[in-house]
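Undergrad: The structure that follows is given in the form of structure tokens.
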Amino acid sequence: MRSIRKRWTICTISLLLIFYKTKEMARTEEHQETQLIGDGELSLSRSLVNSSDKIIRKAGSSIFQHSVEGGKINSSLVLEIRKNILRFLDAERDVSVVKSSFKPGDVIHYVLDRRRTLNISQDLHSLLPEVSPMKNRRFKTCAVVGNSGILLDSECGKEIDSHNFVIRCNLAPVVEFAADVGTKSDFITMNPSVVQRAFGGFRNESDREKFVHRLSMLNDSVLWIPAFMVKGGEKHVEWVNALILKNKLKVRTAYPSLRLIHAVRGYWLTNKVPIKRPSTGLLMYTLATRFCDEIHLYGFWPFPKDLNGKAVKYHYYDDLKYRYFSNASPHRMPLEFKTLNVLHNRGALKLTTGKCIKQ
């Protein structure tokens, strides 16, 4: 009996030691996850997820103070980043599947929900590009325009439009906000959810006409539709495809490759930036490194207030609310922003979060 109690005591002590050792290892891994490697190393403190107000109060003397005007672009760093990203993906190829990738009737699994499948329709197949829309494209300067309300009253429109190539997100309206956001659109993303949110789900002819008019303004720009991410938006994608074909719109459609989002996430995780799913803005920056010598970011500000404590809308064009620090969010936008700000300070990109300087 005494020997049995002794064995139980030893087992209990061993289990406790394993438990505490595992806990300590997890704590160490968590700490290591929060380091951005390279020069200008950034410690991603817990305050990032605890309170936006704390971050903004720190901003005056820390991470945001250089975000309005940047210095010169560090060309060697830009090339280094491009080379490293090419180890994970080639934006020229992965920006879109092409017609030869599938045939009508093929069944594919959704990227973020492998249990669900999608049939490649005739309309979808007919709109797939023959070759990548970014094949052999190269630009001196590019603008990636996010949709934060920080753009309002920024007077950045002319500066944005002056870039050789302008990337916009989620089919955001531009004409009525031209002074702040510009109107040039060379590449524009459109999540399927935009159909419901901005165009009433095409419930009536007026909604459809509004959508067709918006696309007609794009001319031969690239319309990038993430059609293979998750189930739920397939009917919206089909409606969009049908309207493009019916109205013979000149827009050039593109549909991201099935590996793109995992490849982008893999690059950032390898560089110790523990994102969940990359936001559209981070995705577009990552792609742009392939074909842009200089990348300028506008409309990136994932906080409810600016540096002066003034309220900032989630989108410059609507009243949609967003909980930036919610664990339920698929994105970690404040973390992404802080990472991009480090790259700004190192000269890898230019991040504008205030008024643009008139030329």
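Cβ from N, Cα, C; glycine included.
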Undergrad: Do you know which of N204, N327 is annotated N-linked glycosylation site by Swiss-Prot?
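TA: Among N204, N327, the one Swiss-Prot marks as N-linked glycosylation site is N204.
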Undergrad: For C292, what is the disulfide-bonded cysteine listed in Swiss-Prot, choosing from C11, C142?
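TA: Disulfide mapping in Swiss-Prot sends C292 to C142.
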Undergrad: What's the CA to CA span in angstrom from N219 (N-linked glycosylation site) over to H331 (active site, proton donor/acceptor)?
TA: 31
Undergrad: Just report the maximum Cα pair distance in Å for the recorded CMP-N-acetyl-beta-neuraminate binders N147, N170, S279, T280, G281, W301, no decimals.
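TA: Taking every pair among N147, N170, S279, T280, G281, W301, the longest Cα gap is 16 Å.
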Undergrad: Name, in the order they occur in the sequence, the residues of the same chain whose CB lies under 8 A from the CB of G281 (CMP-N-acetyl-beta-neuraminate binding site) and which sit 6 or more residues away.
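TA: In sequence order, V144, G146, C169, L297, F300, E336 meet the Cβ cut-off.
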Undergrad: Check each residue in the chain of S279 (CMP-N-acetyl-beta-neuraminate binding site) that is at least six apart in sequence and keep those whose C-beta is under 8 Å from its C-beta; list them in sequence order.
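TA: Listed in sequence order, they are H331, M333, E336.
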Undergrad: Identify all same-chain residues not among N147, N170, S279, T280, G281, W301 whose C-beta atom falls within 8 angstroms of the centroid of the CMP-N-acetyl-beta-neuraminate site's C-beta atoms; report them in sequence order.
TA: G146, S148, C169, G299, F300, M333
Undergrad: Around N147 (CMP-N-acetyl-beta-neuraminate binding site), which of the listed recorded positions (N119, N204, C356) come within 10 Å, judging by Cα atoms?
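TA: Near N147 (CMP-N-acetyl-beta-neuraminate binding site), where near means Cα within 10 Å, there are no recorded positions at all.
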